[in-house]
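Annotated substrate binding site per TrEMBL: Arg19, Gly20, Ala21, Gly22, Arg62, Asn203, Lys204, Lys229, in sequence order. According to TrEMBL, the active site, proton acceptor annotation covers Cys124. Look at TrEMBL and you will find Asp193 tagged as active site, proton donor.
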Amino acid sequence: MSEDIIKETYEKIKNMEIRGAGRIGRAAAKALKEYAIKISHLSDDEFIKKMKEAGNLLISARPTAVSLPNAVKYVLKGLNEDNPKERVIERSDEFIESSLKAIEKIGKYGANRIKDGYTILTHCNSEAAISVIKTAYDEGKDIKVFCTETRPRNQGYITAKTLYDYGIDVTLIVDSAVRYFIKDIDIVIVGADAITANGCLVNKIGTSQIALIANESRVPFLTAAETYKFHPKTIVGELIEIEERDPKEVVVFKDKYKGIKVRNPAFDVTPSKYIDAIITEVGLIPPQGAWYIIEKYFGWLEK
Ligand code: RUB
C-alpha cells in the first residue's frame, strides 16, 4: 500500500528510531516525496487530499520539534502551485538540501566562537551543535568536549561516540554533574527543537538547568538552530506542547512500588535571558531577533 511509506516514517519518528529535530524534518520531507511519486496517477484533487492527510499524520508523530510541521508545510506548499505533483517533489528535495546546507553553515559560523584550547559542553545529540564542534576541530583548534548522558534515552552516548570517532577528546558525565564541572567549561553549545517568537529555546529536558548553571558561572550559552527550528505560531501567542513520554523510559517499578508515579517530559524551555546567541545559517542572532526570523522566513505560513 502506498500509505505504508507514510505510516512507516510516522512510526519511526514516534518510537524515536528517527530522532533529532533536523532528521525528523528531513525524514518527513522524504516520505512525502516518495508518497507523492507513488500516488501521482491520481487526479489532482485526490492527490491534494491524500497529501494533506499524509502531512497531518506525520505532524502528529511528535509534538515538540517544530522542524516537523515546518518541513511538512514547506513541502505541501507545492500543492497550491501550478503542477502540484512536480512541485511537491521538488520542494521536498529543496527542503532536504537546504537543511543540510544550513547545518554546514551553522558549523562555520559557530566555530568562530570557539577558540583554540576551549572545552565545550553539549547536551543530548544535535547535528547542528556537532557541526559547530567538528568544524572547530577541522580548523585545527585544540578542543575538548564534555557530553552529558542525557537521561532517560542517553542520546549523549551517540554524541560522545560520534565525536570520539572524529578524533576529538571527549568526556562523558552524568546530567547532574554539570555544575560540578562548569569551572572547566568555556562555552556551552546545544541544539534546538524549537525557538519561540520571544527568543526562548525548547530543547532536550535538562537544557534549561545547564543554561542556568552557565549563566551563574558566566559561561556563554549558545544554541545552534536552523531557521526551520523557529516556531511560526508562537508569534500569535500559541504555546509549544512539551512531549511527555512513557514513564517506562525512566524506570519500571514492580509489585508494591507500582504506585510510585514517574513523569517523563522530553523537553524543557530555556528563557531567552540565559541565551547568549542563536547560531543560524543566516548568522548569529540574539534571542531578541527570533521574531524577525519568523516574520522574514515564515511570513508565507498561515498564522
Ligand atoms: C533531540 C534534541 C536535540 C534537538 C536538536 O531530542 O533535543 O537537541 O532535536 O537536534 P530527541 P538537531 O532525541 O528526543 O529527538 O540539531 O539534530 O536537529
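Here, residue 1 is simply the first one shown, and the rest follow in order.
Placement of Cβ uses the backbone N, Cα and C atoms for every residue, glycine included.
In this structure, Asn203 (substrate binding site) is part of a beta strand by DSSP. Ligand 1 lies under 6 Å from the Cβ of Arg19, Gly22, Lys204, out of the binding-site residues Arg19, Gly22, Lys204, Lys229. Between the binding-site residues Gly20, Gly22, Gly22 has the most other Cβ atoms inside 10 Å of its own Cβ, all protein chains included. The binding-site residues considered are Arg19, Arg62, Lys204, Lys229; of these, Arg19 has the fewest other C-beta atoms within 10 angstroms of its C-beta. If you take the C-beta of Asp193 (active site, proton donor) and look for same-chain residues 6 or more apart in sequence within under 8 angstroms, you find Ala21, Thr64, Ala65, Val66, Ser67, Val202, Asn203, Lys204, Lys229, Phe267. Within 10 Å of the Cβ of Ala21 (substrate binding site) there are 29 other Cβ atoms, across all protein chains. Annotation: no binding-site residues among Arg19, Gly22, Arg62 have CA atoms within 10 angstroms of the CA of the residue listed as 'active site, proton acceptor'. Of all Cα pairs drawn from Arg19, Gly20, Ala21, Gly22, Arg62, Asn203, Lys204, Lys229, which the record names as binding substrate, the longest spans 14 Å. For the recorded positions shown (Cys124, Asn203), fewest C-beta neighbours within 10 angstroms: Cys124.
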